[in-house]
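Data block below; observations after.
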Amino acid sequence: MKGNGSTLLNASQQAPGVGEGGGPRPSWLASTLAFILIFTIVVDILGNLLVILSVYRNKKLRNAGNIFVVSLAIADLVVAIYPYPLVLTSIFNNGWNLGYLHCQISAFLMGLSVIGSIFNITGIAINRYCYICHSLKYDRLYSNKNSLCYVFLIWVLTLVAIMPNLQTGTLQYDPRIYSCTFTQSVSSAYTIAVVVFHFIVPMIIVIFCYLRIWILVLQVRRRVKPDSKPRLKPQDFRNFVTMFVVFVLFAICWAPLNFIGLIVASDPATMAPRIPEWLFVASYYMAYFNSCLNAIIYGLLNQNFRQEYKRILVSLFTAKMCFVDSSNDPADKIKCKPAPLIANNNLIKVDSV
């Protein structure tokens, strides 16, 4: 424990104004990183609270699939409430002065958030796969009770996955990014295991699920005759695309950092110094930025979320209660039932985020 504490103190002493190769860091760098982080924190908190409130208020959004969406929003909120503000403090102070305990808690919660996000995105992909490709079994597999159990299992697995970080000494302060985080160069074997099991394997599962969905949707569209009534509603397709975009942006934002981890783990002593500091910093803050994107995606691509966002914001400005069920709105009285699509299992339905 003392050894880790001294490592933290030594690292924090290296932070002020020192850049790659021991030279001075650009004066604008800290300001730019602070701006990115402030924007991320504000949009993360406001956006994900809107997501949670929207699902709570609107019966059309209160379904088994959106239980995973709320869980993902909670994972994104975790970093905005505690770790990111501490990183911001470190930027303003040009080093970490909050002590060893806060460093460990911050790094732990950051890892909890990212692994929780990956596992929830995987859960969402499996949910969409079952909904579309195995629609006859979906209601039995994804009752509200079962979905809550799946989300609980996701967070249990997340805790199990993150706990070894507390024992391996990999949670340390890195002055390059002003953050207490997972240190890739401490253990090659452990870093490779983290990247493989916490990123690559979940991504393979997600890619498989969405690839199967795309294939099935294309097959269904080709089977529909020109003179027949289309069975795949545009809104249904947009709802699926919404969650696909969430996955793609997550992969884009987190892939560079994970690939850097694999490169460093191959030979820490040789490869770590060869990673350009600008690339390392950019990959980290691109990953940080991802936590504020999901709520924006829902608002842009999903009509139900977009309408509920507007209602919540209007209710705030008109001093109405945000927690009132909005499903009694006249515009929502038209019930939308998912259209069955002839495909695998003879039925295919695409509905909800």
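A Cβ is built for glycine as well, from the same backbone N, Cα and C atoms used for every other residue.
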Swiss-Prot annotation N-linked glycosylation site: which of Asn10, Asn120 has it?
Asn10
So that I know how the record lays things out, could you check whether Ser90 and Val220 fall in the same topological domain in Swiss-Prot, i.e. on the same side of the membrane?
no
Member of Cys133, Cys149, Cys180 annotated by Swiss-Prot as disulfide partner of Cys103:
Cys180
On a count of neighbouring CB atoms within 10 A, which of the disulfide-bonded residues Cys103, Cys180 is highest?
Cys180
Determine which residues of the chain contact the transmembrane segment (278-298) at the Cβ level, with the cut-off under 8 Å and only residues 6 or more beyond its ends counted.
20, 29, 33, 36-37, 39-41, 43-44, 46-48, 50-51, 69, 72-73, 76, 79-80, 84, 87, 113-114, 117, 176-177, 179, 181, 242, 245-246, 249-250, 253-254, 256-257, 260, 305-306, 353
If you average pLDDT over the topological domain 'Extracellular' (1-32), what do you get?
57
